[in-house]
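The structure under discussion appears below in the form of structure tokens.
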Amino acid sequence: MFNLMANCCNWLKRWREPARKVTLVMVGLDNAGKTATVRGIQGESPLDVAPTVGFSKVDLKQGKFEVTIFDLGGGKRIRGIWKNYYSESYGVVFVVDSSDVQRIQETRDTMAEVLRHPRIAGKPVLVLANKQDQDGAMAEADIIETLSLEKLVNENKCLCQIEPCSAVLGYGKKVDKSIKNGLNWLLNNIAKDYEAISERVQKDTAEQKAQEEQDKKERAERVRRIREERDRQEREEAEREGRTLKEEELDDVNMFNPFQPINNVLTENQDRLNREKEMQRQRENGQQGSVQEQIALQDEEEEEEDEESERQTPESTESGAVDQTKKKTRKLRLKRKHRVDPLRMEEAAPKSPTPPPLPVGWATPKVSRLPKLEPLGDTRHSDFYGKPLPPVAIRQRPNSDTHDVIS
């Protein structure tokens, strides 16, 4: 009775515990089946999977765990980024292509490099011997012997479990049982030492962030030194040639961090374009104002000439007839102030008149129509039915008797 009550209390305690967050990294050579395995666990079809470029992140719920799996690409050029994910991982899933015997040595070297990393050593490792459904696939014992798996895990003090499986045989609830059993084993071992592993993950993550900040500062310092050396060389070369060098004032922030966010760059470009447009508008307004001033001056000069011509005309004292004949006729002029000035200089340029559109059917060849065909002979007898038929000419025919003629 006492044991039953203790078991019930333990069950209630576990049931009330919050879900634990666990991060796993899935690594292995390219074409080993990592993405197919993740999709099968997630409940998606593992068929027609494209190679992973970089990494992909998958979140899923597994029992009392909220699992985040980082599926890392296995190409040679991408394996260098694996170490950036080791610090926040609670465990490792290493996928092996058991049917690719030619690359088994490369698999061994890669696995040894992963397990010997200081941020992976001591963490539980699950090895999935994938593609067991293909012909020529290596057995579990052969893989352990070829990879020297027992030696590697003992040297790095890692708990290890190997599961032969095939990721393409099912997904979701029908996923390969070996994959499901291996994942449960990995999560259970993490749960047994969750506090220690979580503390180690937090410590490694903080150290990695500090290291990244230090590397960032060192890169910025190297860039600054390179710029200073280049400016010094340009200044010395300008002094030797006897020319002055215009030094640009650089922002302290840009000197400290040469890599600026794209939003800042876009904002600066937009401001520069706005300034250029404003300067262009001011230049156009200045040109238009100068043209208007010239037109006003010309109008004033013409008015003064007209007034002088009127004053210089002598007053006539002769008779009205002579005055009318000698009166000076004023020449009509079109003053500039009566003209309509264009708003812009571009519109003032005369435009060549566009020819009107050609009429419909222009240049269409004329069709020479044939005359109407008429029947041969004269069929138009208007008085044919109004007159009697002409008499038939009687021709003499011989009778049976000689020289007898019927009249």
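Cβ coordinates are placed from backbone N, Cα and C, and glycine is handled just like the others.
According to Swiss-Prot, the feature S-palmitoyl cysteine maps to CYS8, CYS9. The feature GTP binding site is assigned by Swiss-Prot to 28-35, 71-75, 130-133, with similarity to another entry given as support. Annotation source Swiss-Prot lists coiled coil at 195-313. The compositional bias 'Basic and acidic residues' feature in Swiss-Prot is assigned to 202-247, 269-284, 340-349, 371-384, 398-407. Sequence annotations record features per position, and here Swiss-Prot assigns region 'Disordered' to 202-407. According to Swiss-Prot, the compositional bias 'Polar residues' annotation covers 285-295. Residues annotated as compositional bias 'Acidic residues' in Swiss-Prot: 298-309. The annotation compositional bias 'Basic residues' is assigned in Swiss-Prot to 327-339.
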How would DSSP class ASN31 (GTP binding site) in three states?
-> coil
Do any residues at least six apart in sequence from GLN132 (GTP binding site), in the same chain, have a Cβ closer than 8 Å to its Cβ, and if so which, in order?
-> SER98, PRO164, CYS165, SER166
For the coiled coil (195-313), what's the model's average pLDDT?
-> 77
Binding-site residues compared (GLY28, GLY75) - highest count of Cβ atoms within 10 Å = GLY28
Sparsest Cβ surroundings (other CB atoms within 10 Å) among the binding-site residues ASN31, LYS34, LEU72 | ASN31
